[in-house]
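Data block below; observations after.
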């Protein structure tokens, strides 16, 4: 089940390697007010005069941490649960990233004492508001591409052509599906079909080439249904796999094993399946181009595609035909997206092309650096694929 990303806007490419080191991929959050949270730079955020003592915001700079793991570790250090913390969006793990984080009922002096390798907390602000998912304008990306296949004048010509791109195909990037284990959408499809056993084995079992030796052995044991031994063999870092296996051993129910996951993680599986089908919608629309056509539903004057749910708003015209054909092929119905206690998924629409802001590059030795800004919800890897993937 590939990730449905196979169309390109140009025939130019440079080749190359990204993320050799975390410092090669810098993600700096841009606040709703347009402030770029620059790596290594302190910014003053003024305290609210009528502070009621509830919320504190801070900038989290992290290296080689997921956002969720970083916040979980910070919460542990200050003696609070993760639910006391809020953030606007997840940032890449194998990268250097910045973002604002809000916390409730946490003492400032406790936050200021936190010292964790790869994590810096700064720019504290006393405020009366939460930070919710989506509370950002977007992100600035500074990405080093190492060992490009093209050199000298050829490289410069390709970069000049590619950097003229104003838009990109707004695919959901590989992070949506799992960078090392791109199976999240497969789990989601099993859940939509109410095949809880298949979903359990896809998530906890099903060894893949990039799995390390210990987790690969544990996943093989899951597929053999030797769950007690699999639980012992999974490294403790595989927190959710271990919890799910334990829940299955205790209850004998694959569905109940999924219910021990936090709501945001349960949502992730269905969202990934929706995203997988959305990527296919882009591929199907590609042959018609992305100029608005009769029947399109526009977002910011750009044609949008469906993220299927229990209240899917279909386009009409050619775009509507594409969406309904995929929906019917998958044997979907509104009720499929109402999954009881697991969650309900209303559906949405998403622009099929995204705008690139302030794109520039510079060449250094055997690498080049790209810098650009994207609005929230857009993936840098969907821009990068135009640069580094060979277009056959």
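Glycine residues also receive a Cβ, built from the backbone N, Cα and C atoms like all the rest.
If you look up Swiss-Prot, you'll see 92 marked as active site, nucleophile. Sequence-distant neighbours of residue 92 (active site, nucleophile) (same chain, 6+ residues apart, CB-CB distance under 8 A): 25, 27, 175. Secondary structure at residue 92 (active site, nucleophile), as computed by DSSP, is coil.
The feature domain 'TRUD' is assigned by Swiss-Prot to 167-354, with sequence analysis given as support.
Looking at the domain 'TRUD' (167-354) alone, the prediction's average pLDDT is 96.
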